[in-house]
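Undergrad: First, the structure itself, so that you have it in front of you.
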Amino acid sequence: MKVLGIESSCDECAAAVVEDGKIIRSNVVATQIPFHEVYNGVVPEIASRMHTEWISGVVKTALSDAGCKPGDIDAVAATTQPGLLGSLLVGLSFAKAFAYSLDKPFIAIDHMLAHLYAPMLSENVDYPFLGLLVSGGHSIICRVDDFDAITVLGTTIDDAVGEAFDKVSKFYGFGYPGGVHIDRLAKNGDSNAFKFPLPNLYKGEHRYDVSYSGLKTAVINQIEQFRQTDAQGNPVALSPENIAASFQKTAIDILLRSLFRAIEDTGLTTIVAGGGVAANSYLRQCLAERKDIRCLFPPLNLCGDNGAMVAGLGYKYLARGDRSPWTVTASARVKAFKRRYP
Ligand code: ATP
Ligand code: MG
Ligand code: FE
């Protein structure tokens with residue numbers, strides 16, 4: 001079965017055709033990054049307008065890349081939550097109209113469940129496992145019992161991890177999106193140049209939570225306080241590379257501390273990562289070093305937003321006989337999970 005997946009929740013206008021939830025026949029991602037870069041962040045009004053202009057061409061290209069005519073598609077899946085409302089509505093409206101006109105099922109997709117499905121396009125994983133969903137808007141550690149059944153164990157109590165990368169990068173002028181530039185700069189920096197504190201979140205309901213506002217403040221407003229000295233007793237260089245490496249190490253260590261705690265407590269040793277921050281090289285390196293766990297990452301081109309993960313997850317619903325009502329609408333936030341999400 002061929003599913004057309006449409007993703008427009010943020011600044012990527014994307015569509016893909018995926019067969020049987022596994023075989024990617026096409027995957028078109030038209031990024032708006034150059035148009036938002038000048039503002040150092042996504043401008044919602046620009047995003048939704050560009051989706052409106054691009055969506056039809058992006059879907060057409062996804063179909064032709066896959067060698068499909070519209071009638072060859074068995075179902076249409078689109079992201080309906082969470083994200084920028086205006087942007088979500090463009091993809092959702094297009095998908096519903098496309099499916100309705102062809103008399104095919106429409107399937108509403110949760111963006112974070114789609115990120116979680118990205119590594120499963122190429123690998124098979126047995127449930128249950130731990131999910132690590134880390135992106136521009138979310139930082140979630142969850143227990144995953146099925147493709148649509150997650151229990152949030154921990155999340156951020158303030159900023160998301162990707163958001164922290166973006167804000168630090170914006171302040172220092174490293175570039176947008178922040179994670180990409182910080183990861184690049186960090187490769188030539190000393191991660192011990194600045195010793196930033198970790199948040200004090202060990203107890204009770206916060207056992208698996210993370211927090212980034214303290215780190216953000218330390219890096220942006222108090223950096224001199226955390227500057228280390230070299231062997232000769234001279235202060236280390238206040239270079240972009242050193243700032244990036246030290247910030248990145250702390251930001252990822254915050255995540256790992258909560259994740260490792262969840263691994264210990266649940267006994268689950270399979271981790272599936274997803275979202276833009278799953279592209280981070282230091283995160284991947286740290287998890288690869290733990291030989292007692294199996295960690296699956298999406299390929300780099302499927303960490304960020306894309307239509308393939310939407311189409312792949314759409315197939316799972318379709319195979320179970322599900323379809324969404326035509327009345328389904330978009331939602332900026334999500335309320336249907338057991339703990340805070342987002
Ligand atoms: P959400 O998925 O929460 O709705 P989003 O869709 O905007 O938010 P994604 O597109 O999944 O987020 O990911 C974008 C985020 O990933 C940005 O915050 C970006 O800085 C971050 N990012 C991208 N590459 C890297 C990297 N190599 N290291 C760290 N962060 C990265
Ligand atoms: Mg994006
Ligand atoms: Fe995303």
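Glycine is treated like the rest: Cβ placed from N, Cα and C.
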Undergrad: Since TrEMBL lists Leu133, Val134, Ser135, Gly136, Gly137, Asp166, Gly179, Asp183 for substrate, which candidate among Asn27, Asn280, Asn301 does it give for that site as well?
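TA: The one candidate that TrEMBL places in that substrate site: Asn280.
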Undergrad: Given TrEMBL annotates His111, His115 as Fe cation-binding, which of Asp305, Asp322 belongs to that site as well?
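TA: My reading of TrEMBL gives Asp305 as the candidate in that site.
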Undergrad: Mean pLDDT, the domain 'Gcp-like' (24-311)?
TA: 96
Undergrad: Report, as a single number, how many Cβ atoms besides its own are within 10 Å of the Cβ of Ser135 (substrate binding site).
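TA: I count 25 other Cβ atoms within 10 Å of it.
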Undergrad: What is the set of residues, excluding His111, His115, Asp305, whose C-beta falls within 8 angstroms of the centroid of the C-beta atoms at the Fe cation site?
TA: Glu7, Ser9, Cys10, Thr79, Met112, Ala114, Ser135, Gly274, Gly275, Gly304, Asn306, Met309, Val310
Undergrad: Taking the Cβ of each of the binding-site residues and counting other Cβ atoms inside 10 Å, which one has the highest number: Gly137, Gly179?
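TA: Answer returned by the neighbour count: Gly179.
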Undergrad: Does any of Leu133, Ser135, Asn280 have a Cβ within less than 6 Å of an atom of ligand 1? These are the binding-site residues; tell me which, or none.
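TA: Result: Ser135, Asn280.
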Undergrad: Can you list which of these binding-site residues (His111, His115, Leu133, Gly137, Asn280, Asp305) have a Cβ closer than 6 Å to ligand 2?
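TA: Asp305, by Cβ distance under 6 Å.
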Undergrad: Pick out which of the binding-site residues His111, His115 has the most other Cβ atoms within 10 Å of its own Cβ.
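TA: Of His111, His115, the one with the most crowded Cβ is His115.
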